[in-house]
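> Take a look at this one; I'll ask things after.
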Amino acid sequence: MSNKEVESPTLLHPMFTMVFMFVTQISIGMLAFQKYVYRESEHDAWISVVVAGLFAHVILFLIMKTLKRYQYQDLFHIHVRLFGKWFGGACNLIIICYWFSVSVYILRNYIEVLHIWIFAEVPVWVFTALFFALIIYALSGGLRVIGIVSLVNLLLVGWMAVLLYLPIRQAEWKLQLLPLMEASLGQIMMGSLAMGATLGGFEVVYYVSHRMKQPHRISTYAQLGLLFVNLLYVIVMLVSIGYYSEHQILNNSWGTLSLFKIVQFAFLERLEFVLIMLWLLIIVANLLVNYWIMTQGLHRVFNVKRKYACIVIMLMALVCNMLLKTGDQLAVVSGLVGKFSILFSFAYPVVIYIVAHIVECVRSRAKEA
Amino acid sequence: MYTLLILMVVTGCAESKIIDKLGILVAVGYDLTEEDSNDRIRTTVLSYKPGATSTSTVPTSASNNTSKGVREKLSLRTSTKEVIGQLRVAAYGEPLAREGIITLTDTFQRDSEIGTSVYLVVAKDSAEQLLNAKNKQQAGTGDYLYELVKKNIESGIVPSPTLHNFLNAYYRAGKDPVLPYIEVRGDEILISKLALMKDDRMIGSLNLSESFLVKAMMGSNHFLTHEIELNTDRLRKYYEPTFDKLYVTLSHIVTKSRIKLINKDTPEFHIQIQMKGEMEEISDLVNLEKAEVIHALQREAAETLKSEFEDVMKKLQTKQVDPVGFGSHYRSSVRVKDFTAKKWREMLKEAKFEFDVKVTFVNVGITS
């Protein structure tokens, strides 16, 4: 990034870190994470969610340390600084592939929800094309537009949290949550691992930090954003455990959506349809961030124009989306992406932190000598 | 601009549903077919007649092996496209309910179109007969059934039998579902008792007063009225009996129950039940000016209820069903690994229940 760009007025308020964290972490995972965590740690699943959240805070702390060391440049830049042009470029490509898999996972899963709930007969490519039309349009506005769109979308969807009151009214917490800590430590950790796949996405700060004003304030906002996300996940998990019975929660692939099935108003029979359509806003915001990161990365590695990079990715994504034809194929891919997510959100930042520490130590010693 | 253009073109891709051409299902009923038939399940659907007033509904029936597969046959009998999103009531014929209904409810929860607030009911003899029945009020059968059940959940003896409640209890090791049992007598449709379900099979029933007691044990509830028989022996000193028996009727009843496990090994439960209500009627002339008379009546009412509670628990224990969910209380207070419904049923047989009933007459009406 040249100095000219850093000083330009397109820099965002550091508060937007929070917004980006929200949209990348609460996407499709929020709709369907209960089953996978509950499978491991049963009615102590919420503890797993808390544990995974605490881990995320620690990792985020390491990410911020790494970023500070490199004056809040993005990860693509850090890679090159650490590993040189070729190997660093290869690392960048791997990262881009990871984000690509995440974007396919999110979009295809959302289309699956649309298929199951509302439009059973509309082909995948139609939905994909519609999304891409929106994404191209918004991407041309740059990160600033993405940030503001995400913020507005979050506000439009956020009110839905109030409706959790209705399942809460039917929840039997005393019967479902007690006795505490019945799951063994191993089970809790396995549950946290399952939760990690959902919680991944906070490493988005790696890529957006260099576009923020007053970068020293990013850390606070990032931790705060992560805290809110974690709280939301814990609340939804607690409500689900209270509302569903043991096997009911395991039986349900879309736990959060089914929570809203009992919400009923005289003028509106089924609220989860509204939730699904509003969730589109979150998904769009999430994909925007994903695509922005990918185009940014390709631009950095190959020095291609962002527009062309974006179109190439979209064509590939379209093909990938159409290749995933059935629910069970999707489940396999989703499981795989979940593992990637744990790898790149939780493990990789630690590796980068340690490597950066060693490399910089060696370099500074070499300078002294 | 392009986006708009694409949007306009693409909206045609989704399946359109024009309300005039829809048959909106309000109720479905499932029955076993006759033995000589190849098909297993006979499905009856009740849908609004297009263009007519909201009270007129038409029943249509067909048989098949699966409840959704039957749509193919049903669609040959109706001119409208049947949609299930407004479903209110699902009825199961008793013979079918005795064999188990989980596969039929499972397809409901699988179906995104159906909400989880659908009421499940058991119909005496056959659901087809129930959905074809006429009621005195001349209301559409689907709406009538829905309102009937709904009212009795809010202020009567029926514990909420929604799809969610049914599945929640079915999928829980320490609880069994109960469903209202609906009968057709002449031109009347009525809830005559509650069907006790063991897992997903109906194995018995609770009469009205037993239903009241079972529902009173389930947390806090409201009831319109309840009649309690009192033992007259100990009340003789307060009034001149003209009849052998004495009854009081409470109205606007609010009950609260607290279940506590007091012994893990037996297991033994302590159940505290508080019942508050207006004493609206008493079957003999009793002077209620003195507080001690009222207290004596309250004490006797509590005694009667206590023995009734014990009787109903004995009945549930012999049938090894647990509609109240004592198993859940046990599981949440004792650290047991792999707690299963089967284990719990064995334990339930040996379980002891100790009742502490408190009846309070909030007031005795205008006169004393």
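Even glycines carry a Cβ here, placed using N, Cα and C.
Okay, so TrEMBL annotates it like this:
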type: TRANSMEM; residues: A:12-33; note: transmembrane segment
type: TRANSMEM; residues: A:45-64; note: transmembrane segment
type: TRANSMEM; residues: A:85-107; note: transmembrane segment
type: TRANSMEM; residues: A:113-138; note: transmembrane segment
type: TRANSMEM; residues: A:145-168; note: transmembrane segment
type: TRANSMEM; residues: A:188-209; note: transmembrane segment
type: TRANSMEM; residues: A:221-244; note: transmembrane segment
type: TRANSMEM; residues: A:273-294; note: transmembrane segment
type: TRANSMEM; residues: A:306-324; note: transmembrane segment
type: TRANSMEM; residues: A:336-359; note: transmembrane segment
> Grab the same-chain neighbours of the transmembrane segment (A:85-107) for me: Cβ-Cβ under 8 Å, and only residues 6 or more beyond its ends, written as numbers and ranges.
27-28, 75-76, 79, 128, 131, 201, 283, 286-287, 290-291, 293-294, 297-298, 300-301, 313, 316-317, 320-321, 324, 333-334, 336-337, 340-341, 344
> Tell me if the transmembrane segment (A:336-359) touches the transmembrane segment (A:113-138). I count contact as 3 or more CB pairs below 8 A, with pairs 6 or more residues apart.
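Contact between the transmembrane segment (A:336-359) and the transmembrane segment (A:113-138): absent, because fewer than 3 Cβ pairs are under 8 Å.
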> Please figure out which one of A:12-33, A:145-168, A:188-209, A:306-324 racks up the most CB pairs under 8 Å against the transmembrane segment (A:336-359).
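Looking only at A:12-33, A:145-168, A:188-209, A:306-324, the most contacts with the transmembrane segment (A:336-359) come from A:188-209.
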> What stretch of A:12-33, A:188-209, A:221-244, A:306-324 shows the most Cβ pairs under 8 Å to the transmembrane segment (A:273-294)?
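The stretch I would name here is A:12-33.
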> Considering only the recorded stretches A:12-33, A:45-64, A:188-209, A:306-324, state which has the highest number of Cβ pairs under 8 Å to the transmembrane segment (A:145-168).
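Between the stretches A:12-33, A:45-64, A:188-209, A:306-324, A:12-33 has the largest tally.
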> Using a Cβ cut-off of under 8 Å, list the residues of the same chain at least 6 residues beyond the transmembrane segment (A:45-64) that approach it.
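Those are 34, 37-38, 177, 180-181, 183, 188-196, 199, 202-203, 205-206, 218-219, 222-223, 226-227, 230, 233-234, 237-238, 241, 345-346, 349-350, 353, in sequence order.
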> For the transmembrane segment (A:188-209), what are the same-chain contacts with Cβ under 8 Å, counting residues 6+ beyond its ends?
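Same-chain residues near the transmembrane segment (A:188-209) but 6 or more away: 12, 16-17, 20-21, 24-25, 27, 29-30, 33, 36-41, 44-45, 47-49, 51-53, 55-56, 59-60, 63-64, 67, 72-76, 78, 102, 143, 215, 218, 222, 225-226, 229-230, 233, 289, 292-293, 296, 337-339, 341-342, 344-346, 348-349.
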